[in-house]
Amino acid sequence: MGFWKFPPFLILSILVLYQAGMLHAAPFRMALGSSFDSATLTEEEMSLLLVAMVKDYVQMKATVLEQETEDFSITTQERSCNTAICVTHKMAGWLSRSGSVVKNNFMPINMGSKVLGRRRRQPQA
């Protein structure tokens, strides 16, 4: 029963669209009869357009690659140690990586394996 209401509605809507000017056929061109009319761009404009297109493509690919690598990235963190032994080892490493000038000028005299650790008690007099 609802089917009989549909064709009059369809015909009425097509008529309204035609009267409103929204329903027009596209102009027909013969593909073989007329020559291809391309947009006129100068050589410089074409090169600028090509550069812009390549730049956008590279930027798009870089964004996609960055999003893919974000999912699989593993960040490394150094263990932090603030005890005297760790700080001493860090300073010794820094001194060994710096030059001999720093070693000669700033190296403390009483540094070595006997300095760290447990010291013997001095006998009291």
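Cβ coordinates are placed from backbone N, Cα and C, and glycine is handled just like the others.
Swiss-Prot annotations:
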SIGNAL    1-25  signal peptide
DISULFID  Cys81-Cys86  disulfide bond
MOD_RES   Leu116  leucine amide
Cβ neighbours of Cys86 (disulfide bond) where a neighbour is any other Cβ within 10 Å: 12
Structural state of Cys86 (disulfide bond), classified by DSSP into three states: helix
Count of other CB atoms lying within 10 Å of the CB belonging to Cys81 (disulfide bond): 11
